[in-house]
Amino acid sequence: MSPEDPQETQPLLRSPGARAPGGRRVFLATFAAALGPLSFGFALGYSSPAIPSLRRTAPPALRLGDTAASWFGAVVTLGAAAGGVLGGWLLDRAGRKLSLLLCTVPFVTGFAVITAARDVWMLLGGRLLTGLACGVASLVAPVYISEIAYPAVRGLLGSCVQLMVVTGILLAYVAGWVLEWRWLAVLGCVPPTLMLLLMCYMPETPRFLLTQHQYQEAMAALRFLWGSEEGWEEPPVGAEHQGFQLAMLRRPGVHKPLIIGICLMVFQQLSGVNAIMFYANTIFEEAKFKDSSLASVTVGIIQVLFTAVAALIMDRAGRKLLLALSGVIMVFSMSAFGTYFKLTQSGPSNSSHVGLLVPISAEPADVHLGLAWLAVGSMCLFIAGFAVGWGPIPWLLMSEIFPLHIKGVATGVCVLTNWFMAFLVTKEFNSIMEILRPYGAFWLTAAFCILSVLFTLTFVPETKGRTLEQITAHFEGR
């Protein structure tokens, strides 16, 4: 079939009668690409141990006040939003592999700037650079992994993206116990450097190579990743070079997955995960933990364990079931969390956001301690529920549902939406709590979780066991 053929299909990489692939190098390539999300997670988790270290040991020019500390944590999301746009542009022009290689530059440069910082502006500049790299990695890594994986393991390998993110966060928390902020930034250079070295030996995805009409290179990549090219057919790729045009939004195969992808990112951030993470230390303090920093590590361990569980069962249980189950768990946990605040806080709504988590009820100490444990239990349940579904699956589905020729633009829009919502929710959550009181704010997030369950059951298709071509055909009504 010639490149001018208007037929719109993605590369059909396996004929119906062919044997299932058995190559193991696909797991090595996944690990190499997933070092990007590991770096991304480390950059996100870096601020939690670094801010106390900067306030404790840094010279006067580097001391962070409340405003600077707030921006030190939040500026990553702004850089990541820009990185999402940049990643979407790079994805279709530079390719998946080169985009991953390029994102190592701002990762290493950003941490190097932080290490050499002489004033607060250098700290913020370094964080902005690492945020830019986070945006690119969060977009490109899921796409690369989904395009090299065969259907039987695509859920497992795709879930490794979120697993590596939470592992990176946990690594930053644990390392922060023994390393001060400069050496912690030096450690942050290690994962992207390792990714740079490993990705040099990994192939470009066969799908991208086929869109460039590099048939021999695509077959070589298949042999490297899957062990054999037996049964592979030369695909029709004519329409893949059209690129994205606004007129395409009229086609159901384009606007349906785009709407679903955007909504998944919006609901992920409206679940309240950032609010829970922000208040983890305070909740553990009220439960009488001697070392409140233990909260961060405990939360990180729960995230890693349950994200690993999700990865192991993803290709058996399916995406839709896990998303719905995750949403139900978050509804109950957020409702219980709001109930905790309702029982421990009363009186007129005239407190500032600084004191929102200070109990002002007249309950006896032992009663309040019991309620604090209700909060700890609710928080841990929420984190487990989020990790099983709404943590990894939106990123996995983002990499699965878009046609190949719009993947760069569509994933860029989704990543931009996710990071913009993360910034908006983090920045405005205190204002919402001042208006609705803490219990009202958390009950509102429970309502959003209910909507996410209804959305999942109504609109999200099951992609378990389907090829990417079958998923595209589903949206096109074929």
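Just so it is clear, glycine is given a Cβ too, placed from its N, Cα and C backbone atoms.
Summarising the annotation, Swiss-Prot assigns topological domain 'Cytoplasmic' to 1-25 (among others).
Taking Cβ pairs closer than 8 Å, the transmembrane segment (26-46) reaches residues 76, 100, 103-104, 107, 110-111, 127, 130-131, 133-134, 137-138, 140-141, 144-145, 148-150, 153, 157, 160-173, 184-185, 187-188, 191-192, 194-195, 198-199, 201-203, 225-226, 300 in its own chain, all 6 or more past its ends. Summarising the annotation, Swiss-Prot assigns transmembrane segment to 26-46 (among others) and lists sequence analysis as the type of evidence.
Annotated topological domain 'Extracellular' per Swiss-Prot: 47-70 (among others), in sequence order, evidence recorded as sequence analysis. Residue counts for the topological domain 'Extracellular' (47-70) under DSSP, split into helix (H, G, I), strand (E, B) and coil, are 19 helix, 0 strand, 5 coil.
Away from its own ends, the transmembrane segment (71-91) comes close to residues 43-44, 47, 50-51, 54, 64, 98-99, 102-103, 106, 123-124, 127-140, 143, 407-416, 418-420, 422-423, 426-427 of its chain (Cβ-Cβ under 8 Å, at least six residues beyond either end). Under the heading transmembrane segment, Swiss-Prot lists 71-91 (among others), citing sequence analysis as support.
Sequence-remote contacts of a segment are chain residues at least 6 beyond its ends whose Cβ falls under 8 Å from one of its Cβ atoms, and for the topological domain 'Cytoplasmic' (92-96) they are 102, 140, 143-144, 147, 204-205, 208, 243, 407-409. If you look up Swiss-Prot, you'll see 92-96 (among others) marked as topological domain 'Cytoplasmic', on the strength of sequence analysis.
For the transmembrane segment (97-117), the residues of the chain that approach it from at least six positions outside its boundaries are 33, 36, 39, 43, 62, 83, 87, 90-91, 123, 125-133, 136-137, 140-141, 144, 181-182, 185-186, 188-189, 191-193, 195-196, 199-200, 202-205, judged by C-beta separation under 8 angstroms. Summarising the annotation, Swiss-Prot assigns transmembrane segment to 97-117 (among others) and lists sequence analysis as the type of evidence.
Look at Swiss-Prot and you will find 118-127 (among others) tagged as topological domain 'Extracellular', backed by sequence analysis. Sequence-distant contacts of the topological domain 'Extracellular' (118-127) (same chain, at least 6 residues past either end, Cβ-Cβ under 8 Å): 43, 47, 54, 61-62, 64, 68, 71-72, 75-76, 79, 110-112, 185.
Under the heading transmembrane segment, Swiss-Prot lists 128-148 (among others), citing sequence analysis as support.
Using a Cβ-Cβ cut-off under 8 Å and counting only residues 6 or more beyond its ends in the same chain, the topological domain 'Cytoplasmic' (149-156) has close neighbours at 14, 20-21, 26, 30, 226, 311-312, 314-315, 319, 396, 400, 464-467. The topological domain 'Cytoplasmic' feature in Swiss-Prot is assigned to 149-156 (among others); the stated evidence is sequence analysis.
If one looks beyond the transmembrane segment (157-177) by at least 6 residues along the same chain, the residues whose Cβ comes under 8 Å of a Cβ in the stretch are 26-27, 30-31, 34-35, 37-46, 48-50, 53, 141-142, 145-146, 149, 184, 187-188, 191, 293, 296-297, 300-301, 303-304, 307-308, 310-311, 314, 387, 391-393, 395-396, 399-400. Under the heading transmembrane segment, Swiss-Prot lists 157-177 (among others).
Taken from Swiss-Prot, the feature D-glucose binding site applies to Gln162, Gln268, Gln269, Asn274, Trp395. For Gln268 (D-glucose binding site), the same-chain residues 6+ apart in sequence whose C-beta sits under 8 angstroms from its C-beta are Trp390, Gly391, Pro394, Asn418, Met421.
Secondary structure of the topological domain 'Extracellular' (178-182), assigned with DSSP and counted as helix (H, G, I), strand (E, B) and coil, comes to 2 helix, 0 strand, 3 coil. If you look up Swiss-Prot, you'll see 178-182 (among others) marked as topological domain 'Extracellular'.
Annotation comment: Swiss-Prot describes 183-203 (among others) as transmembrane segment, evidence class sequence analysis. Residues 28-29, 31-33, 35-36, 38-39, 42-43, 46, 49-50, 53, 97, 100-101, 103-104, 107-108, 111-112, 114-115, 126, 130, 133, 168, 172, 175-176, 217, 220-221, 224-225 of the same chain sit 6 or more residues outside the transmembrane segment (183-203) yet have a Cβ under 8 Å from a Cβ within it.
According to Swiss-Prot, the topological domain 'Cytoplasmic' annotation covers 204-257 (among others). Over the topological domain 'Cytoplasmic' (204-257) the predicted model carries a mean pLDDT of 72.
What Swiss-Prot lists as transmembrane segment is 258-278 (among others), and the listing cites sequence analysis. Only residues 6 or more beyond the boundaries of the transmembrane segment (258-278), in the same chain, are considered here, and those with a CB under 8 A from a CB of the stretch are 249, 299, 330, 334, 337, 379, 382-383, 386, 390-391, 393-394, 397-398, 401-402, 406, 410-411, 413-415, 417-418, 421-422, 424-426, 429, 441-442, 445, 448-449, 451-452, 455, 459-460.
Per Swiss-Prot, topological domain 'Extracellular' is recorded for 279-293 (among others), and the stated evidence type is sequence analysis.
A contact between the transmembrane segment (321-341) and the transmembrane segment (440-460) is present, since 3 or more of their C-beta pairs, 6 or more residues apart, lie under 8 Å. Comparing 128-148, 369-389, 440-460 for CB pairs under 8 angstroms to the transmembrane segment (406-426), the maximum falls on 128-148. Of all the binding-site residues given, namely Gln162, Gln269, the one with the smallest number of surrounding CB atoms inside 10 A is Gln269. In the structure shown, the C-beta of Trp395 has more C-beta neighbours within 10 angstroms than that of any other entry among the binding-site residues Asn274, Trp395.
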